[in-house]
Amino acid sequence: GAGADNDLYINQAVVFIEDAIQYRSINHRVDSKSLWLYRWYYSRTCQWILSLTITVILALAFIEEPSSLTITSDVRYRLPAWNPPCGLTESIELLCFLVFVVDVSVKSYLIGWKEFWKNKWLMAYILTLIVSLTDWIVSLSFFCKESVRVRRILRPFFLLQNSSMMKKTLKSINSTLPEMASVVLLLAVHLSLFTMFAMLLFARTKDNQQDKEWVVYFRNLPESLTSLLVLLTTANNPDVMIPAYSKNRAYSVFFILFTVLGNLFLMNLLTAIIYNQFRGYLLKSVQSSLFRRRLGIRAAFEVLSSLKETPASAQQSCVSVGALLQVLQKAEMDSRCKQAIMRSLKMCSCDQLSAAQFQKLFEELDKDAIKQHPPSPEYQSHFMQKVQFAFGHPYFGYLGNVVALANIISICVVLVMDADKQPSERDDFFLGAINCFFILYYLLEMLLKILAMGFKRYLSYPSNRFDGLLTVILLILEIATFAVYGFPHPGWRPEFMGLLSLWDMVRLVNMLIVFRFLRIIPNMKFMALVVTTLLDLVKNLRAFAGILVVVFYAFAITGIMLFKGAIVPLGNTSAANTTHDNGTVQCGTYEQLEYWPNNFDDFAEKNVISWCSAHFQAEVIYYLLYVLSVHLICRWAKIYFVAWWLISSVIWVNLFVALLLENFIHKWDRRCQRESLSDIEYQRTVELMFRDVLEEPTEEELMEKLHQHPHLQLCR
């Protein structure tokens, strides 16, 4: 009957509003059972289970063979790692795969058969599951002894497909690749030309003493390319130039020209192109998100306008305020937005809402989240009012910063004085006494601020929570120190007792005090601007971080399969090519620098190597060259490291710089438009960053898209 239809329309509107809030597509089934399943799937519990499953299957790489469960990764001292028995991690994998099967089944059902064939991500999801399950069966049939497991490389896909923002970011990166490829090609031409010049310039002669440049860096084409590629990152500068420069200073012109053209011009040009192109494609992506939000809200309006209680005499579509209130009561949305919409409805004198009014109500979703701090307590006593004024004044906070600075200086003085002393000669009385004094001051400061501001208002400030938490931890550590070692006195050097020695306890306290000094940041306007920009990036860069995890994971698994066991300690017969005489090794080599912990023998260590390689540190270059020239037969392995450097250091870092610049410029441009009051905090998202330059979709565009909905039949 009419009541059942009205309930269906209300539930459809609730789902469409929730889709708009989360920027989700509305192209899904809209019957009663499907709506229930849809809301259940996107509930916090279901999404938490799915996120936990993705985390678990990614974390398996740390305990699977080769396991990362060792204290050190140094091949000389590392004990045999515990490897789980066959079937343990495979059972966990199977449970994860079952969750993913349920996930893809529900998604496929909800969007319908026609939409499924248009969705490449879902088809790739199913293909990944089929390959992973096949590889899982093969693994069990070989009793977990196979060396290559394809499903490990495919695991990051589960993380990638679960995030719509990661998909958009990946699409933006993919669209940016043609422009980046032109600059990368120019870099390749630059590198090739200078490689040929170098091979001609530093060709072999009859005098071996004069051929050091040729012997070390330019013996053949692969070594010449490698040397100049590393020079492009400045990791081997000036080492690569020294042999030729010591022969003739004019040779420096070649290396300076190569560095200026490649590093200063082409690399920075690449950064500029990536910033410009990626910003444009990201803007398009955010524009599509805005269209989804407007479409979801308009879809909710259209279904609500189909309710039986809507006046038939109305010349245009309208929605009753009562129906909207029912939707707001059921919809999962931020309490701030819900309260703001309800306030607007109460202020509205009309009973019916037009499409424009309905859309305008939900513009509250597009506004910055503003956090108001609770009011301070109101004291009746004149004395307490004066106390509140004194200790709630900003100057009291400045005094606390001065005291914290004095504490830092005193710690530095003591550390300088005791730097060369043996532990038995060190007198911890002075440091213990000043720490006790400063911690008592911090406690008193915290209590007085709570008295002046009230407990709720005090906790509403992140800086106060940070300050208060460290003060409580410092107080607990100080009480524990006194309980175990007694009060400070001259010659205070008690014997070791408990879990930590006295010096360890004091060091821990001092580290926390130094960390506490960061409380000065909110009081410095421009430093606070930089820090808030970084914090906003941490909040809003989940898509970038996710893609970085995907790339790290895939390269780490590939590196383990290619290079596992390549690094062996001295004395092993497989390391016969290593040059060392009478137990000594050549200065500057892998062995002399003791880079033994840098290897490809487990997942955790490979990620550390990948992080260092992404920044092309000089030490990692030595390590890379050592692995390639001594331990690995195949010279084509250089492609792996160059590909990783291009993806992580060149492309991803520049993308990060692009969004960092966008975020910082946005905040910098608006710093004068807003009051820098401590009572107001603005929280921004990537969508809100571009809000000023986005175009609103037209009425015709929205209605055309709604009429193309595969499962929704509009009455009007």
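Yeah, the Cβs are placed from backbone N, Cα and C, and that goes for glycine too.
Unlike curated entries, TrEMBL annotations are predicted automatically.
The annotation domain 'Ion transport' is assigned in TrEMBL to 53-278 (among others).
Here the domain 'Ion transport' (398-664) returns a mean pLDDT of 71 for the predicted model. Residues or ranges marked as domain 'Ion transport' in TrEMBL: 398-664 (among others).
As annotated by TrEMBL, transmembrane segment applies to 45-63 (among others). Sequence-distant neighbours of the transmembrane segment (45-63) (same chain, 6+ residues past either end, Cβ-Cβ under 8 Å): 69, 84, 89, 92-93, 95-96, 99-100, 103, 152, 155-156, 158-159, 162, 549, 553, 556-557, 603-604.
The feature transmembrane segment is assigned by TrEMBL to 92-110 (among others).
Residues or ranges marked as transmembrane segment in TrEMBL: 122-143 (among others).
Beyond the transmembrane segment (180-202), the same-chain residues lying 6 or more positions past its ends with a Cβ under 8 Å from any Cβ of the stretch are 213-214, 217-218, 221, 224-225, 227-229, 232, 244, 251, 254, 258, 261-262, 266-267, 269-270, 273-274, 277, 646, 650-651. Residues or ranges marked as transmembrane segment in TrEMBL: 180-202 (among others).
Marked as transmembrane segment by TrEMBL: 253-275 (among others).
According to TrEMBL, the feature transmembrane segment maps to 395-417 (among others). Tertiary neighbourhood of the transmembrane segment (395-417): same-chain residues 430-431, 434, 438, 441-442, 445, 448-449, 510, 513-514, 516-517, 519-520, 523, selected by CB-CB distance under 8 Å and a gap of 6+ residues from either end.
Tertiary neighbourhood of the transmembrane segment (429-448): same-chain residues 391, 396, 400, 403, 406-407, 410-411, 414, 467-468, 471, 474-475, 478, 481, 488-492, 506, 509-510, 513, 516, selected by CB-CB distance under 8 Å and a gap of 6+ residues from either end. If you look up TrEMBL, you'll see 429-448 (among others) marked as transmembrane segment.
Taken from TrEMBL, the feature transmembrane segment covers 469-488 (among others).
Annotated transmembrane segment per TrEMBL: 508-531 (among others), in sequence order.
Summarising the annotation, TrEMBL assigns transmembrane segment to 543-563 (among others).
The transmembrane segment annotation in TrEMBL covers 639-661 (among others).
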